[in-house]
Amino acid sequence: MTEAPLKKANRSLTRQLWIFAAGSFAFGFALVPLYNVICDVTGYGDRTKLVEASSFTAPEDKNRLVTIELLSDSPAIGDWEFRPAVGSIEVHPGRLSEAKFYARNLRNQAVVAQAIPSIAPLQATKYFHKTECFCFTPQPFDAQQERELTVRFIVDPKLPVNIDRLTLSYVMYDAKSTS
Amino acid sequence: MAHAHDAHAHDHHDDHGPAKGIGRWLFATNHKDIGTLYMLFSLLMFFVGGTMALVIRAELFQPGMQLVDPMFFNQMTTMHALIMIFGAVMPAFVGLANWMIPLQVGAPDMALPRMNNFSFWILPFAFTMLIGTLFVPGGAPAGGWTMYPPLSQQTGEAFPMLIFAVHLMGASSIMGAINVIVTIMNMRAPGMSLLKMPIFVWTWLITAYLLIAVMPVLAGAVTMLLTDHYFGTTFFEAAGGGDPVMFQHIFWFFGHPEVYIMILPAFGIVSEIIPTFSRKPLFGYDAMVYATASIAFLSFIVWAHHMFTVGMPLAGQMFFMLATMLIAVPTGVKVFNWTATMFKGSISFEPPMLFAISFLFLFTIGGFSGLMLAIVPADFQYHDTYFVVAHFHYVLVPGAVFSLMAAAYYWLPKWTGHMYNMKLAKAHFWLSTIFVNVLFFPQHFLGLAGMPRRIPDYSTQFADWNMISSIGAFGFGLSQLLFVYIVVSCIRGGEKASDKVWDSGRPHGLEWTLSSPPPYHSFETAPEVK
């Protein structure tokens, strides 16, 4: 190619490649709604279900034991001591069970806390029914107050047989910073 | 574009040389100068990152805490990775692209020389900022190079510096990639159709497209981390309905193609060197091109194998496991073709060939351990152990880094016009190959025995292999000083290299039709390719 057409061709290809790069940048952000859509469609890690009370009943399956591991996380926001009372419990599917967490506000002022739950593996989310949970509503704490927090739940006997172990984890946040 | 105008006036063409003094480098638009800058910069970063690796291995020499505190140890693992990936391996390949692509396609320079200058000179700023994090309150980033939230959100004042450094590196890579594509697509010598291009050019063309496709995704991901940190967004913050696992998806959507960005040009280099010293044409050129393209395509649909343990559905695990294993097919084609190229060749063992053969064996070991990691139930066992560390170091050190050594030894006489000290280079090869195995092979055993990665202390049953691995690390690190000595003395002088450099009757590429060293402005009249 001679000089002038080459310059023109270079410029136009460069422009196209910059548009490509900009498209990739946009695609990175498009992955966010895409991810949420996939979660909604499949019901994996369904966030609305995780924080809603359910009135579920099913016959207890005494032949099966599912291990529920309990985890707690403290986020960068806020200042909490937060841990499960025990590391794991074993439950029969269909039976109403209970787990306790312990939380303490480490600051010298009253704070409203919000716990956010999560279940792993994700596909087990729809088989985990909470009848009562400290994560349903914001929890007020006085300065330095410590409290026991309770969650009551029923594991659906329809939980796929290849899952014998669930992890229920909570993160404790300052409710103010979440709004 | 003063040089370009000269091309009009062939009759009174004065071949003016490089500018004098520091200006030659600061305002460099010549592809050879910029290529040199890139490679010297990457060599410097190789030693900075390598020193950090030695801090890690020194601490792990014995169980217990001896030299550094755990926080600093974590800073070292994080910074070592960031510097080696973005500072050493990637710029080294871009430097090679700058030097070799115009010479191999018969172009006078890169298509966009001033952008070329910009994309290089961003890097020193990016890495000054990144390394500067070691000196700010809270220390350098210590949450791993993958920057997973919520841990990475606990980084101190280094946090915004890390994010902006990543942005700058990304911008540099994207500009470099655009330059490569425009040069290859528009500036090939007349008669050089796409399927007549040297294989190194092909691998770089594909790599450049990967870069443009995924570096902006990384930029997006770290931007989200930044806004989560400072502007109250909750992309990855569960409190606001975000999901930290989503970061892992976005990150590895970048991260897996990134792995191939660091290895495809290496494939190209090895595919240039093996035919030269086997005195045979490359076996299955077309298959090599298609295999490279297939690997690039597959790299986009395997990312979640880095995160099998997040609790993804069985169908997802199956898909990502099988897609990952599928990559072994085109990779196997490549390994087969290299072997077939050597088959019945009359092979000679000059330093570039030694490194290429070592690459072939050791990269394949890394490939096989990758296949083991692709198996979901096995991965649950291996995840975050030293087995993973051994795997990716096998593909990156005797893989990518050895290919870079091979490339340096292959083209150094062309670049400088001098032969280097072959005896020393062979010594460097043997030291590197032996020590790299002493360094990384025991890490397989450690990982299989359950030693977790990214920890400063370990249980005593891991003591023996860790000690051996650390000895290998220091041996390997010190051996690289020999490489610097060889390169520097080759630049300063030595036996005159011929135009073809290698007496094998090959190589055939356009770069060998030029003198050694090539003129400052080469191929101002495009060569004819038949």
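In case you wondered, yes, glycine gets a Cβ from its N, Cα and C as well.
Values in this document were obtained by computation on a predicted structure and should not be read as measured data.
The domain 'Cytochrome oxidase subunit I profile' annotation in TrEMBL covers B:25-530.
TrEMBL lists B:37-58 (among others) with the feature transmembrane segment.
Annotation source TrEMBL lists transmembrane segment at B:78-97 (among others). Within the chain carrying the transmembrane segment (B:78-97), a Cβ under 8 angstroms from the stretch's Cβ atoms is held by residues 34-39, 41-43, 45-46, 48-50, 52-53, 56, 119, 123, 126-127, 130-131, 133-134, 140-145, 165-166, 169, 173, 176, 180, 200, 204, 207, 258, 261-262, 265-266, 269, 396, 400-401, 404, 407, 411, all 6 or more beyond its ends.
Under 8 Å from some Cβ of the transmembrane segment (B:118-138) lie the Cβ atoms of residues 26, 28, 34, 37-38, 41, 45, 48, 75, 79, 82-83, 86-87, 91, 94, 155-158, 161-162, 164-165, 168-169, 171-173, 175-176, 179, all in the same chain and six or more residues away from its ends. Positions annotated as transmembrane segment by TrEMBL: B:118-138 (among others).
The transmembrane segment feature in TrEMBL is assigned to B:158-187 (among others). Within the chain, the transmembrane segment (B:158-187) has long-range Cβ neighbours (under 8 A, six or more residues past its boundaries) at 82, 86-87, 90, 94, 97, 101-102, 105, 107-108, 110-112, 115-116, 118-120, 122-123, 125-127, 129-130, 132-133, 136, 138-141, 147, 152, 197, 201, 204-205, 207-209, 211-212, 215-216, 218-219, 222-223, 225-226, 229-230.
Here TrEMBL flags B:199-226 (among others) as transmembrane segment.
Note on the transmembrane segment (B:246-270): residues 85, 89-90, 93, 96-97, 146-149, 199-204, 206-207, 210-211, 213-215, 217-218, 220-221, 224-225, 235-236, 288, 292, 295-296, 299-300, 302-307, 310, 334, 338, 356, 359-360, 363, 392, 395-396, 399-400, 403-404, 406-407, 410 of its chain, located 6 or more positions outside it, place their CB under 8 angstroms from a CB of the stretch. The transmembrane segment feature in TrEMBL is assigned to B:246-270 (among others).
The annotation transmembrane segment is assigned in TrEMBL to B:282-304 (among others).
For B:310-333 (among others), the entry in TrEMBL reads transmembrane segment. Long-range contacts of the transmembrane segment (B:310-333) within the same chain, counting only residues at least 6 positions beyond its ends with a Cβ under 8 Å from a Cβ of the stretch, are 245, 248, 284, 287-288, 290-292, 294-295, 298-299, 301-304, 367, 370-371, 374-376.
TrEMBL lists B:354-376 (among others) with the feature transmembrane segment. Here the transmembrane segment (B:354-376) has Cβ contacts under 8 Å with residues 263, 266, 269-270, 273-274, 277, 305, 308, 317-318, 321, 324-325, 328, 331, 335, 338-339, 342, 382, 387-388, 390-396, 398-399, 402-403, 405-406, 409, 426, 429, 432-433, 436-437, 444 of the same chain, all six or more residues outside its ends.
As annotated by TrEMBL, transmembrane segment applies to B:388-412 (among others). Under 8 Å from some Cβ of the transmembrane segment (B:388-412) lie the Cβ atoms of residues 39, 46, 84, 88-89, 92-93, 96, 99-100, 259, 262-263, 265-267, 269-270, 272-273, 276, 350-353, 355-356, 358-359, 362-363, 365-367, 369-370, 372-373, 382, 420, 425, 428-429, 432-433, 436-437, 439-441, 443-444, 446-447, 453, 483, 487, 490, 511, all in the same chain and six or more residues away from its ends.
Under the heading transmembrane segment, TrEMBL lists B:424-445 (among others). Long-range neighbours of the transmembrane segment (B:424-445) within the same chain, counting only residues 6 or more positions beyond its ends whose Cβ lies under 8 Å from a Cβ of the stretch, are 57, 351, 354-355, 358, 362, 369, 386-387, 389-390, 393-394, 397-398, 402, 405, 409, 465-466, 468-469, 471-473, 475-476, 479-480, 482-483, 485-486.
Here the transmembrane segment (B:465-488) has Cβ contacts under 8 Å with residues 43, 46-47, 50-51, 53-54, 57-58, 60-63, 405, 408, 412, 420-421, 424-425, 427-428, 431-432, 434-440, 442-443, 445-446, 451, 458 of the same chain, all six or more residues outside its ends. The transmembrane segment feature in TrEMBL is assigned to B:465-488 (among others).
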Close approaches to the transmembrane segment (B:282-304) from elsewhere in its chain (Cβ under 8 angstroms; 6 or more beyond its ends):
195, 199, 202-203, 206-207, 209-210, 213, 249, 252-253, 255-257, 259-260, 264, 267-268, 271, 274-275, 312, 316, 320, 323-324, 326-327, 329-331, 333-334, 337-338, 340-341, 343
